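S.K.: According to TrEMBL, the domain 'HTH merR-type' annotation covers 13-81. The region 'Disordered' feature in TrEMBL is assigned to 101-132. What TrEMBL lists as compositional bias 'Low complexity' is 102-132.
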Amino acid sequence: MGLSDLDDEDYPAYTTGQAADLLGVRQAFLRGLDAAGMLVPHRSSGGHRRYSRRQLAFAVRFRALFDDGHTRTAAARILRLEDDLAAARTEIAELRVRLGHATTTDGTTTDATATADDTATRDGGATADGAR
C-alpha cells in the first residue's frame, strides 16, 4: 500500500473493527449488511473484510435511514435511488456544458452562445450566426 492508495475512495483500507469504531456502530451491523448483500466489503488475502471510504459513507447513510425507521430493504432502495439521481444530475450538467449551456451557482442557466453573441455584438464582431 502506497500513500496514493489512501487518497482513493475505493481502496479497502479499514478492517471491520476500524470501520465500526469510525462509524460508531457495532461490527455486527456491518457484518449484517454484508450477509444481506447490501454492503459487500473487499476481502483481504486472508479472507478478512476490508472497507473503503466510499463503503463507509454508504454505511453512514444507510444507518441514518435505518435509525429513522426504514427497513433494510427500503433504506437500500432509497440509497440506490439517491445515487441514481445524483448520477443523472451529473450527466445533465455535463450535457449542458457540451451543448454550450452553463449552470450558475444559484441554479439558473445561461446560454453560453448567447453570452458570446452579446460580447461579439458589443465589441463590433460577428455573432455565432454571422450577424453583426
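Residue numbering: from 1, along the chain as shown.
Even glycines carry a Cβ here, placed using N, Cα and C.
No curator has checked TrEMBL annotations; they are predicted automatically.
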S.K.: Could you put numbers on the helix, strand and coil content of the domain 'HTH merR-type' (13-81), residue by residue per DSSP?
M.R.: 42 helix, 7 strand, 20 coil
S.K.: Considering every residue in the domain 'HTH merR-type' (13-81), what is the mean pLDDT value?
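M.R.: PLDDT averaged over the stretch: 94.
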